């Protein structure tokens, strides 16, 4: 059995092509736990999680990445936030009924794929592409073609392992500033495309690579763990409250007695009473714990 929730990087010795392989189970489960999404939405979030992990691994700097789908369909928003440490969180917003067999275009409607990269040092970058492909992988390949102009292929699979949702994916990319023959890249892509969900989700990474590329020389590097981690905090909520007009905050306090701020990503609640608000306005940080 593979060690789920790990990202593996690998290189082809005889081609200027790099690869990545990721499988997620526990991280995906934690993203889904706090919500009751229809199955097609769960699948989209699983694919987005895999894609974000793979994209994050292509970054050469410390920082955050957000991959989101947005449109006028019943799935108005689906987003995964991640960072170079492979710490992930995600959420979706559903408006209206979703049929069990809904595909990506039915879910999102007329929409966009938005990728936002925020380095710890340097300028923020955002790329936007229309949802012209039939799958998330196809849309992401279009993004790479338009933005980085590096030949890139993604292969994403979803399923269940031991009754729990799981997902996996592989990425192939021509290495920057190196010449790779188009036929070599296409050959490797054809091999990778044969991967089945069951193989990717149940076999160790070395076995997957052996099955796909046993005639090639491949170097597999040490894996990086993938985990769910939410960045919400009481301090961040306090900062958000501080930006609201005093009249609006006071009105909520008068009506409700306290302000309940809920994190859509992890389900945490942060409660603020009148004394907390007074401390916030005096630039102090209220120390009450959050409510789970």
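Positions of Cβ are set from backbone N, Cα and C atoms, glycine also.
What Swiss-Prot says about this protein:
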type	residues	note
DISULFID	230-232	disulfide bond
DISULFID	263-266	disulfide bond
Packing count at residue 230 (disulfide bond) (other Cβ atoms within 10 Å of its Cβ): 18
Spatial neighbours of residue 263 (disulfide bond) that are distant in sequence (at least 6 apart) but have CB under 8 A: 230, 232, 269, 270
Neighbouring C-beta atoms (10 Å sphere around the C-beta of residue 232 (disulfide bond)): 18
Residue 266 (disulfide bond) CB neighbourhood, other CB atoms within 10 A: 19
